[in-house]
Structure formats: C-alpha cells, structure tokens
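**Student:** Annotation comment: TrEMBL describes B:GLU35, B:GLU64, B:HIS67, B:GLU135, B:HIS168 as Mn(2+) binding site. Here TrEMBL flags B:ASP59 as Ca(2+) binding site.
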There are 6 protein chains.
Amino acid sequence: MWYYEKKLQYPVRVRECNPTLAKYLIEQYGGADGELSAALRYLNQRYSIPDKVVGLLNDIGTEEFAHLEMIATMIYKLTKDATPEQLKEAGLGDHYVAHDHALFYHDAAGNPWTATYIQGKGDPIADIYEDIAAEEKARATYQWIINMSDDPELNDSLKFLREREIVHSQRFREAAQMLIDEKDKKRFF
Amino acid sequence: MWYYEKKLQYPVRVRECNPTLAKYLIEQYGGADGELSAALRYLNQRYSIPDKVVGLLNDIGTEEFAHLEMIATMIYKLTKDATPEQLKEAGLGDHYVAHDHALFYHDAAGNPWTATYIQGKGDPIADIYEDIAAEEKARATYQWIINMSDDPELNDSLKFLREREIVHSQRFREAAQMLIDEKDKKRFF
Amino acid sequence: MWYYEKKLQYPVRVRECNPTLAKYLIEQYGGADGELSAALRYLNQRYSIPDKVVGLLNDIGTEEFAHLEMIATMIYKLTKDATPEQLKEAGLGDHYVAHDHALFYHDAAGNPWTATYIQGKGDPIADIYEDIAAEEKARATYQWIINMSDDPELNDSLKFLREREIVHSQRFREAAQMLIDEKDKKRFF
Amino acid sequence: MWYYEKKLQYPVRVRECNPTLAKYLIEQYGGADGELSAALRYLNQRYSIPDKVVGLLNDIGTEEFAHLEMIATMIYKLTKDATPEQLKEAGLGDHYVAHDHALFYHDAAGNPWTATYIQGKGDPIADIYEDIAAEEKARATYQWIINMSDDPELNDSLKFLREREIVHSQRFREAAQMLIDEKDKKRFF
Amino acid sequence: MWYYEKKLQYPVRVRECNPTLAKYLIEQYGGADGELSAALRYLNQRYSIPDKVVGLLNDIGTEEFAHLEMIATMIYKLTKDATPEQLKEAGLGDHYVAHDHALFYHDAAGNPWTATYIQGKGDPIADIYEDIAAEEKARATYQWIINMSDDPELNDSLKFLREREIVHSQRFREAAQMLIDEKDKKRFF
Amino acid sequence: MWYYEKKLQYPVRVRECNPTLAKYLIEQYGGADGELSAALRYLNQRYSIPDKVVGLLNDIGTEEFAHLEMIATMIYKLTKDATPEQLKEAGLGDHYVAHDHALFYHDAAGNPWTATYIQGKGDPIADIYEDIAAEEKARATYQWIINMSDDPELNDSLKFLREREIVHSQRFREAAQMLIDEKDKKRFF
C-alpha cells in the first residue's frame, strides 16, 4: 500500500498562464505514452514477473505516479487563471464545456485513456521489452513537448522528467539482459 | 508523491485455486466501478475541488490504490496455480492466450478499462455526486461478487472492502451537504 | 412504445449562423453527460428498478429524447448556412470531412458516444445516485456552454434545459430518499 | 418530441426462463446492428437528408425504439427469475457482477455500444445505402438468433421483427432510387 | 500472400507544404470511411462470401491498400517540411506531441481507427450492401476533402481515388444483383 | 503497391473442425499483439523512419499480412463445418449471432481491434523498440496458443509463425543497434 506525502518529487514552476502549452502537456497525463500508462503498466506486471524484477517495477511504478502528479500540477498552474475565452483560443474550448478547469485523463487530441495502450503478457522478456519501449516513447513525447514550449521554468521540470525516462529505460535494459542471461543459463545446464 | 510499504491494507487469504472466482473478481480490478476507477477519479478531481475537500479526495483516492492492490493479490492467489486447461474451463482461456497468468485492467467480460467510466466536471457538487454514485456502484459490485463466491476467506476480505465503500459514500454525502450549505450561505448574504 | 409529434418541447431560436457555438453545443448531443446519455440511461434502468420508480424513469427518459431533439435543432440552425471554410475556422473542419453538415453523436472534442458513459447496476439506490450525478453533471455542462455563448436567443433555450436538469435532480433525490426509507423500514420490522 | 404509451408494438412472450438465449438476444439490444444502432442512426440523419425522406427516417427511427423496447422486454422476461448460478451457467456471470439483473447496452460478447457503429455523411445517397446495409445486417442478426433459439413463442416475436427489417430495407431501396432518379434529372436539364 | 512493388498505383504530387490539408486528408487514412476500413473490410469478408465474389473482394481489397499508400504519401509530402509551429497552426499540435512527423491511423479529429467501423455478417447480401454503402461513404469523404483543398495537383490524385470508389460501388451493385438473382432462382426451383 | 498471389506463405492444415481452438487463435487475427497489429504498425512507420530501415519495415510489414492470411485460413478451416450449436459450446455463440461464420478483427475475448494497440512516434529508436516489444509479445501469444492446442498439424504452422517472430525480433534488434551506433557517431564528431 502507499502513503501520501504532500510534496512533489521535483519542484514545478511555470512562468505564466499558458493554456496552449497545457493542451499539449496533457499528452503526458492521459495520453498513450504518458505517466498514467507508465505507472499502471509497471504496477500491473508485478504479479507475474520473476521475483528479482518485482522491486524494480514497484519502484518505477510508484515514481511514475509522482510524475503524474507533477504533470497534473503543471497543467493546473498553466490553466487555473485562464478565462473560458482564453481556453477557447488555446484549443481547449472542448475540454472546458466538458470539464471546466478540471483535469481529465485524455491525450492532447481529447481521446480518453484506455488500457489498450499498455500490455502485460506474463512472459518476462516480452514484458520488459514493452517497458523499454514505453520509456523510449515517453522520452520522445517529452522532447516533442519541450520543442513546443518556450517556458524555461516549465522546461526545467520537463527535462528532469525526460531524464528520468532515460534512466528507467537503462534500468529496464539491464533487467532484460539479466533475464536473457538467466534463460540462456537454464538452457545450457 | 507516494511511498510504498510492502504490506496490504487488510490481509488477503483465499481457500483454494479458483479461477472462476478470479474471472468475476477482475470486475473490481479493471471494471467500470472497480478500484482503478475509484482511485483515478478522486485523485484527478483534487485540482479543481474546493480546498476543504482536497484532503478527503486525497485520502480516499490513496486508499483505493491499496484496495486495487488487495484485489490484484486476490486474483493472483486464485489463479497462480491454475493450468491453462483450468483457466479455459473457468472462462479465462481468452485471458490466458493474451496475458498468460498476468493481470490486466479489464472487466469480467474482458473490456479494457477506459477513462470514459469516470468524470471530472470542475463543478464541486456534480463531482461529489459522481463520487457518491461511484461508491454506491462499487458497493453493489462487491455484493454481486460475494453472491457468486463460496470462499469464506476471500469473502472476509471482500466484506471489508464493501464496508469501506459504505464509509466512503457516507463521507462524500457529508462533503456534498457541506458544499450545498456553503452555496446556500453565499446566496443568502 | 413512442409516438412522435412534430413539435419541440420548447422553442429553439438562434440569432445567427455560429458554427463555433455549435461545436461546443454538440457536447450535449453526443458527450458523456449529454442528452443521449440521459435518455438511454433512464430508459435502460426501467427493467430492474422498483415499480414505484419506473414511471419517473420513463417520464424523464422520454423527456430527454425531446431535449436531444432540441439540441439537434440548435446545432442544425447554427451550422446549416455555414460554408466549409466557416466550419474550418470554427474548428469543425474535421467534422465536415467526415460528416459534411450532418450531425453525429460525438462530444465537442470529437469522441464518439459510448455506453461506457452510463451505468445500470440493478441496485436501486446505486442506480438513482447514478441518475442524480448525471443530472448534476448535465447542469454543469449547460452552465459551461452558456458561459461560452453570447447568443441571447439560444441561451433562452439552454437555460430552459438547465432548469429541467435541476428539476430532474430534485425528483431523483426524492426517489432516492423514498428508496432509503423503504429499505430502513424493511430492516426495522 | 415523443409521447410514450405503455404498450408494446407487438406482443412479447417467452416460454421459460432462458438466460442463455438472453445472452444472444442482447446482440439486438446493444450490438453493432441492433435496434439501438438503427433508431439512433435514422433519427440523427433527419437533419441533413432531403425533405422528402425526413418523414421516412422519422417513422422508421421511432419504430426502432419500439423494437428496442420489445427486445428489452424479451431479455427481462428470459432472465428475471434466473439465479446468479443460472446466469453464470449461461455465460452471463460477467454481466451479473457488473449489472445484476439490469440490462445494459452491450453486444452478446459484452462490448459496450459505440456510435462508431453508425454513420451520418450528409450525402443523401451514401446515408440511404448505409441504412439499407443496416437493415440487411439486422435481418441477418435476427436470423442467426432464431437459429439459436428453440423457444417458439419468442421466435414468433423475432420473426415479426425480422420481417419489419425486410420492409424497412425495401422502403430505403425505394428512397435510394428516388434520390438517384432526382439526381439524374438534375444532370439532364 | 502479397508482393510489394515500390511504385504507387497513381502518381501523387502536392503543390506545397500544407499541414492543414494533411489534417483533413488523414480522415481517409484512419477514419471511419477511409482506405484502411475499406481494405480490411473486403479482405476479411473473403472467407464467408460465395466463391463467385471472392475474387472481386480480393481485387478491390488489395487495391484499397494501394490507395492507403497513396494517402500516406500525400500526408507525408504535405507535412514533411513543416515546423512544429506550422503543425500547431494547422491544428496538428496534438498529433505532433504524440507522433512527431509520423503518420497514425486516426481520423481528422484524432480518433484512433477501430474495427467497429466495419462489419462482416456472413450473410452475402448484407455484406455486399455493407460494401456498397462503404464505397458511397468514401466517395462522399473524398468530395468533402476536395471541397477543402485548393491544391490542384493533390486534387488530381484525389479525383482519381474518388473515381475508383464510384467504379467499386458499381461493381458491388452488380455483385449484389447477381446474389439476389441466384437467391430468387433457388426459391423458384 | 501490392500484388496478390493466391498462395499462402506456409501451408496451413488442421486436423479437424475445432471451434474452441479457433476462438483462441483469433487473438492473433484481431488481438492486441496479433498479425494485424504487426502489419499495420510497421507499414505506418515507414514514412518517418531513417531510409536505411524503410526496407526492413516494408518487408516485415508485408510478410505480416501473409501471416494474417494464414491465421484467417486456420480459423476458417477450424470453424467452417461447425454448427451453431458447436460454436455455442466453444464459447463462440456471441460471435455467431453477430457474424455467423464470417471472421472479424477482434481478440479472443471479443474486443474489436483498435489502433491504440500500436504506436508511431517519429523517433526512430522509440519506434524500433516498439517493434521489438511487438515481436516478443507476438511470440508469447503464439506460445500460449500452442499450449492450448492439441492439433499437431495446426501446431506445425503456429511454430513456423512463432519462429518468424523470433527472426523479426532479431532483425529489429540489429536495426536498433545500428540506429544507436549512428546516433553515437553523430555525437562524437
């Protein structure tokens, strides 16, 4: 089970109200390769992965919820002072009439999150490659969002998150190699 | 952010391998009114709800993740020793060819979880009634599953969870009344 | 069964061709908390709700179809004279290439309607709370759309519809209380 | 707008409690080619179809709601006395834990209804061919269900409904021909 | 099985980088009535259609993949030199943060392709009417896109594709008539 | 564009009518990690991947369509002689009332195929890891199906297909390494 502490993993600051940027950032909240996908994917795989990898999935899965909270905080800060008219100009008029200033788990185009974005196969090597791919895709998404952003304070947090994805990808690669080595060992003896 | 402690909110025991029961129980893992819906709904609403209610949503949302973990543990225990043939007889053959013994966020009929199950309107009273309805629906689902189960040890945990939904419903009703009273007060002065 | 009479429940007038407003209004046609959701939710619940509440669901469900028709008429009037170029400027270019000037059951962001927006649990109290929540969410959506609209004639109709949601919510609350009282009475004797 | 009269278009009788048959019949309630699809498709197309065809769409669309109500009544009658155990044996255990004895707009496999099953193009000839195809597909579905059923009383109602689809298909073919003839006339002069 | 030859069925040229036009054109890539729908629908129906029609479905299905490739090439050419800022102005900012310059099977509104757009009933006449309707709907979509386009070179290719849909519709009508005639003959003898 | 030759990539034989096995095998037709996902994923990525990898994606994508056709042929052979009653006993009654003996792009649980199963990021390394993961997941699915099958003739074809996934995975790993090496080289100079 989890305990909540009222702090963010890394500070989140935004320069100014910027709903256009919020619109793109929501891709990492409820999009295919966003933080919700990551957290739910890893925590779900814990039950069928070899014991050696459970801790890794647990740690990264829990951290991804902290990332999700950072993204939520960013979106909130970028939009909380926006008028309906400003949301409309930012392409968020459709979000506004459905959700007002509330967040929602959809991607930048408005597609609601679906579990079909993720997978759990029960095959350890397939699952870990799913996870490496997930981290690489999340890294790419952060890059595309940073390319769209001219808010240096927000970018500082986004670069932290992008860096974390690279670290996670590396750790999943090590886990994949360990699983492959073990499988080869079993074949040999 | 959250910290993970390796323990369950309430102990989970099952009498025996019982994939048929697991098939129905998965409704509370990835179904419309299951624990994933609950956790994600409340944590998402935190950003647009009045300050007084944020703590309530945060506490219950975090607890629902602990419930999700209990459900996952139940399903794992009910299925981990099942052969493919037993899964097939339990109506889980379709789950097996897609996921082997891994869990997945779908309902008892196999529909993947979707964010369209939940809502965040930005209107505090609408959001809290969404939450009351959610708890009542989850309570009903636990009842229907208990009706299907003849495992007394599992039922002990399920009754704990059903009871928690009733408590949450009560707390959301109090929050609704508080929000309505405040709104009336504002109108009066 | 139903009989159609060629009139609207309440007159619908719009000041001028205004596809931007139509784009937002479509949230109430095919969106999560729109009139289609309402009508289909209540009529579906009729078969498992206690007899005393069937008439209420039937009446409100039938009325919601009349509201759906009013919304359709509004959208039609707001867009029928719009050129493809005007639809494009209003953010309806994607609607146009798929549907020309035809209506479609999607929300303001273009997501097609899905039955996952609604629920029928078979538990009377859960179902009625689902309905109260639905009315509160629909009320909120009307408010957000009115906030986006500067067409006083359209707003007159939208305010009528918002008012109806408030009345329905009140009637569902009375039904909920009646069901709770009856349940308590049964426990007592 | 519509007026409800408490009677069915055609009487519905079932020989006995038969949840297995109900499971298959639900295909016509919330399935791709079922009565909900039909009703919503035709009523939606009314706003962009030439005036001459509006009445036809209105009449058939309204009738399809009467069919939907007949299907609902059949499913209710086939399942209302079934125990959870009987529902489980009929392959409706997953429906039961989610909905108890309530109906829901999903198909026989449990997929929730989605507006992606239907279309409205704004092009009269495309729309009418969509409608002919819809009627032919509904006719086929009734046939497959009748093939599965050994309840002569239920089959009487199902044959009535299958016959109505054939009549509707014929009327849509006439409308298609009329629209094609008119288009050719315009080209000639 | 299929062999790939590196050429297009018909040449594709675009006058200039035009992401706005690409946004609308993607309706024919991953939209309800687009080329992916067409190809997958016909090839799937091959297994249950009478032998006489298998070749027709095979030919047209294979040709639709060639059309899909033409559409992909058009979208690629219209967007490959666009900056993120230009994509944003064209309403493709949400596509960019999810996919950069990659294509994806979604419609102009961003809805991912789903097999619910198509059908296979096993009833030959129902299936062929599904196909006629599909061709008429695709023809209409090409028309709406041509109406949005002022690129004469692109329009040349689009008109070729629209013309092919008309030819396919005609061939499916002939197949429908043949199937109806055969059915009548069987009834007679 | 593609040319069709009326032969299968590898012969497909089945020992006997076996709709239960067909039900599980359909996971590879329209399931998350099935052949349709594979073919559409690779062919879509061709437009934004570096030139050196286009041929590889084109070859493997085209081959996956040949696999899809093999799977279709297997399902057809396993079900073509099955009565409605046999389909019902095999858990395919829901498929039958919707599709008769026609195939459809859904998974073993009946979920229609959706493009959300696949991804195209525009980032070459992310895309190739998506592809490696896809092949590993497809390999696992073949293994789970083989575990369910006691038809030695069918298993011969399934093992051929499983082997192809392993070869594809290897080729994608080589492509990933090549892309990583090139990226490193660019950083160096």
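The backbone N, Cα and C atoms fix where each Cβ goes, glycine too.
On this model, are these features tucked inside or out on the surface, and what's nearby?
**Tutor:** The Cβ of B:HIS67 (Mn(2+) binding site) lies under 8 Å from the Cβ of B:GLN9, B:GLU35, B:ALA38, B:ALA39, B:LEU161, B:ARG164, each of these being in the same chain and 6 or more residues away along the sequence.
The Cβ of B:ASP59 (Ca(2+) binding site) has no same-chain neighbour under 8 Å that is 6 or more residues away in sequence.
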**Student:** Have a look around B:GLU135 (Mn(2+) binding site) and count the other CB atoms within 10 A of its CB, chains all included.
**Tutor:** 24
**Student:** Which are the residues of the chain, B:GLU35, B:GLU64, B:HIS67, B:GLU135, B:HIS168 excluded, whose CB is within 8 A of where the CB atoms of the Mn(2+) site average out, their centroid?
**Tutor:** B:ALA38, B:ALA39, B:ILE60, B:GLU63, B:ALA134, B:ALA138, B:LEU161, B:ARG164, B:GLU165
**Student:** Reduce the DSSP letter at B:GLU35 (Mn(2+) binding site) to three states and note it down.
**Tutor:** helix
**Student:** Under 8 Å between C-beta atoms and at least six apart in sequence, can you list the same-chain neighbours of B:GLU64 (Mn(2+) binding site), or say none if there are none?
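**Tutor:** Residues satisfying the criterion: B:GLU35, B:ALA38, B:ALA39, B:TYR42.
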**Student:** Relative to the Cβ of B:HIS168 (Mn(2+) binding site), which residues of the same chain, six or more apart in sequence, are found under 8 Å away?
**Tutor:** B:ILE60, B:ASP131, B:GLU135
**Student:** How would DSSP class B:ASP59 (Ca(2+) binding site) in three states?
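**Tutor:** DSSP assigns B:ASP59 (Ca(2+) binding site) to helix.
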